[in-house]
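Asker: Checked TrEMBL, it gives:
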type     : residues : note
DOMAIN   : 42-293   : domain 'G-protein coupled receptors family 1 profile'
TRANSMEM : 26-49    : transmembrane segment
TRANSMEM : 61-83    : transmembrane segment
TRANSMEM : 103-125  : transmembrane segment
TRANSMEM : 145-169  : transmembrane segment
TRANSMEM : 203-226  : transmembrane segment
TRANSMEM : 238-260  : transmembrane segment
TRANSMEM : 272-295  : transmembrane segment
Amino acid sequence: PFPNSSDLSPSSFILASIPGLEAAHFWMAILLGSMYILAVTGNCTVLFIVKVEPSLHAPMYFFLCMLAAIDLALSTSTVPRVLSFYWSGTREISFSACLVQTFLIHTLSAIESTVLLAMAVDRYVAICHPLRHAAILNNAATVKIGLVATARGVLFFLPLPLLILPLPFCSSRVLSHSFCLHQDVMNLACANTTPSMVYGLTAILMVMGLDAILICLSYILILKAVLQLASWKERLKVFSTCVAHICVVLAFYVPLIGLSTVHRFGKGLAPLVHIAMGNVYILVPAVLNPIIYGVRTKPIQRRILNLI
C-alpha cells in the first residue's frame, strides 16, 4: 500500500496514481517506456543525421535540431521518474526535485514555443522573400535565435518555482499528475496563491499565447502569398513545404491547450484524464516530431534510408 500524505515529510509530494488500476502499472510502464525509447531514438537520429550531413547545415535543420534537443531534455526530465513510480511504486518526490522539474517543464516548453515561432518566420521569409532568405536567416542568426529563446524561457519561468518556495503546504500533498507542474503544486498550498497564479497565467500568455498568435499571423501572410501564384499546382508545391511545421505546431499546442483546459475546468474529471493528458503533453510531441520531419523532409528521409 502507498503511504498517505500525512505520513510524508514536510518537504515532499505524492505523485498521482489511478485508483483501482495499481495492478496495471507494469503495462503502463511498458507503454510509456516504449514511447520514451522511440522519442530518444528518433530525436537522436535527427541530431546525428544533421550533424554528419553537410547539406543539412542550414537554418531550417538547425531549428529542427533545437526541437530535438528540447524534446529530449523535456522527456528525460520527467519520464524516468514516472517509470520509476510505475515500476517500483515509489510515489514520493522531494519538494526540491519537484520545483526543479516544474522549472524545467515550463522553461523547456517556452523555449520550444519560441523555436516553433522562429521556424514559422523561416517559412514566411523563404516563401514571401526568397531572395533575402539567406541574408536574413543565416547560421549566425539561427544561433542568436536559439540563445534568445533560451534566455526568454528562463527569464519568464524562473520566478514560478521561486513563488512556490515560500508557500506553506498543510493539507493534501497528492498531485494530479505523475510529475510536477506549477499550477498543480500551487493548488495544494494553504495560503494566498493569487500572485503565483497571476504571474503563471501572464507568463504563459506572454510566451506561448503570443507565439501562437504570431505563428497564425505568419501563416496568414504565407497563405496570402501562395494564393497569388498562378496555378494550383504551384500553390500546393509551395505550401507543401509548410506541412511538416504545421503538424509539429499542432503536436505541441493541442496537448498544451488540452492540459491547460483540464487544469482550469476539469476538477471533477477522473484522475485518469489528468494523468493521461499530462503524459500526452510530455511524450507525444517528442515522439511525433522526428517522425513528421522524417516523413515530410526528403533529405532526412534519404539519409535515414541510407543508414538502414
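Placement of Cβ uses the backbone N, Cα and C atoms for every residue, glycine included.
Each of the listed features needs to be described in terms of its position in the shown structure.
Answerer: In the predicted model, residues of the domain 'G-protein coupled receptors family 1 profile' (42-293) average a pLDDT of 90.
Tertiary neighbourhood of the transmembrane segment (26-49): same-chain residues 56, 64-65, 68-69, 71-72, 75-76, 79-80, 82-83, 86-87, 279, 283, 286-287, 289-291, 293-294, 300, 303-304, 307, selected by CB-CB distance under 8 Å and a gap of 6+ residues from either end.
A Cβ distance under 8 Å defines the sequence-distant neighbours of the transmembrane segment (61-83), meaning residues of its chain 6+ beyond its ends; these are 15, 29, 32-33, 36, 39-40, 43-44, 46-47, 50, 93, 97, 101, 104-105, 108-109, 111-112, 115-116, 118-119, 122, 139, 142-143, 145-146, 149, 178-179, 248, 279, 282-283, 285-286, 289-290, 293, 297, 300.
Within the chain carrying the transmembrane segment (103-125), a Cβ under 8 angstroms from the stretch's Cβ atoms is held by residues 59-60, 63, 66-67, 70-71, 73-74, 77-78, 132-133, 136-137, 145-146, 148-150, 152-154, 156-158, 160-161, 179-182, 203, 207-208, 211-212, 214-215, 218-219, 221-222, 241-242, 245, 248-249, 252, 256, 282, 285, all 6 or more beyond its ends.
Sequence-remote contacts of a segment are chain residues at least 6 beyond its ends whose Cβ falls under 8 Å from one of its Cβ atoms, and for the transmembrane segment (145-169) they are 10, 62-63, 66, 99-100, 102-103, 106-111, 114-115, 118, 182, 185-186, 188-191, 193, 195-196, 199-200, 203, 206-207.
Sequence-distant contacts of the transmembrane segment (272-295), counting only residues of its own chain at least 6 positions beyond either end whose CB sits under 8 Å from a CB of the stretch, comprise 16, 18, 21, 32, 35-36, 38-39, 42-43, 45-46, 64, 67-68, 71-72, 74-75, 78-79, 82, 105, 112, 176-179, 181, 244, 247-248, 251-252, 255-256, 258-259, 262, 266, 301, 304.
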Asker: Can you name the far-off residues of the same chain, 6+ from the ends of the transmembrane segment (238-260), with a Cβ under 8 Å from a Cβ of it?
Answerer: 67, 109, 112-113, 116, 119-120, 123, 126-127, 204, 208, 212, 215, 219, 222-223, 226, 229, 277-278, 280-281, 284-285, 288-289, 292-293, 295-297
